Amino acid sequence: MSKNVRELALDILLQIEKNQAYSNLLLNKMIERHSLKAVDIGLLTEIVYGTTQRKLTIDFFLKPFLKKAKKIDLWVLILLRLSLYQIVYLDRIPDRAAIFEAVEIAKKRGHRGISGMVNGVLRSIQREGLPNFENIKDPLERLAIETSFPLWLIEKWAAQYGIDTTRKICESSLVPPHVTARVNCNKATVPEVLSLLEKENVKAKTGTLSVDSIVIEEGNLTKTKTFQNGYVTIQDESSMLVARALEPENDEIILDCCAAPGGKTTHIAERLKGQGKVIAVDIHPHKVKLIEEQVERLNLTNVETVISDSRELHKHFRPETFDRILVDAPCSGFGVIQRKPDIKYSKKLEDIEKLAEIQCTILKNVAGLLKKGGTLVYSTCTIDKDENEEVVHKFLAENRDFSIDPTLIEKLPNQLKPYCNNGYVQILPHYFSTDGFFIARFRKQV
Ligand SMILES: C[S@@+](CC[C@H](N)C(=O)[O-])C[C@H]1O[C@@H](n2cnc3c(N)ncnc32)[C@H](O)[C@@H]1O
């Protein structure tokens, strides 16, 4: 029996809740399997992302109306969440349509009692209105509920950035993200790519932060010949700044330690204009394949892939082999919550501690592979200081032959100057509506 958009949304949200996969991967799989129409893809994406983004807020709204209900099944709770999401946040869907669909799904999946309960809860909310955030007295707790972030994370960021900035970080993650892409400037200019895309019915404009970036306004980029023929690569604007910070030149040999799926590897290789070599390492074989696919699509000849734990690379390469090294480390990903909302619920404090340890070990173990006078760049797509500034301080304290490189500021766009702190920069997602990113540049003593 074929399923409608809301039933598919329920299936996906159920799998996310059971920690079976990330929302973006599940969504893509489901869209392909059910060959949905564009309008249904839009609605499915909106319901899955929106319900996930607002989960804790919606649970706060539901709580008083579920007091009388006995223990409810997880699928029923999720059905209520996604229906309430439509009622509260999607203006174009009439409340009665959202309630009708919810009741129909409840009938189909459960029994009369359940559909009656779903109907009763949603209609009571409609009648009585939503609970008020003002009733939550503690400001951090209120912020956590209003923006749907776990309290421990709000408390951690409030201690690191203050409550006002924390609010901006959290609120910016609730806005739907846009797709951005990097133009392969060896093949065409940004205006040329914009006009190629226009001919393929994709509307795009130039980006605001990175000179070689475009922002997609309408259409599916990956289906175009322009994409398939290697003129563009999907990448966030802040992520594009990392290759600039590394500044690869001429025939240099570059090590990219945590390279999959290859966004920065391919950017570095493009900037080398076919010269030199990028050794792209990743620990997961299936992810190394993703780098190879991108290298092939972009027709790059100066990339070599290696499957390895980067903490072990000092056993495989001679000391002082590389001119430049990039450590784009595994991290909590709190800078990309806008794209991967489930991260904010699945990552725990212990994960941050473990990740910081891995980040420090990778940096320490690859440091010896850099030539004297060489450049090391450390980057993450997170905003937590324990994985960023703290890792930088620890690395510098333990590696006296390295210093932070204040020239980083010259490599980056002018808009970033206020945020550059003597060799490193923390981009928060609300500054430029990009992913949150951290970039530090080090120089090894001659
Ligand atoms: C932030 S992602 C890298 C993104 C990539 N640089 C890009 O621009 O497309 C981190 C990567 O590190 C890899 N990784 C995790 N632990 C690793 C380790 N110990 N050694 C090498 N790679 C590792 C993960 O598989 C993941 O692909």
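Even glycines carry a Cβ here, placed using N, Cα and C.
Heads up, TrEMBL stuff is auto-annotated, nobody curated it.
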Site-mate of C258, A259, A260, P261, G262, G263, K264, D309, D328 for S-adenosyl-L-methionine in TrEMBL, selected among D251, D282, D342: D282
All-chain count of other Cβ atoms within 10 Å of D309 (S-adenosyl-L-methionine binding site): 15
Where K264 (S-adenosyl-L-methionine binding site) sits in the secondary structure, as DSSP reduces it to three classes: helix
Residues C258, A259, A260, P261, G262, G263, K264, D282, D309, D328 [recorded S-adenosyl-L-methionine binders]: greatest CA to CA distance in Å: 19
C258, A260, G262, K264, C381 as recorded positions, winner by CB count within 10 A: G262
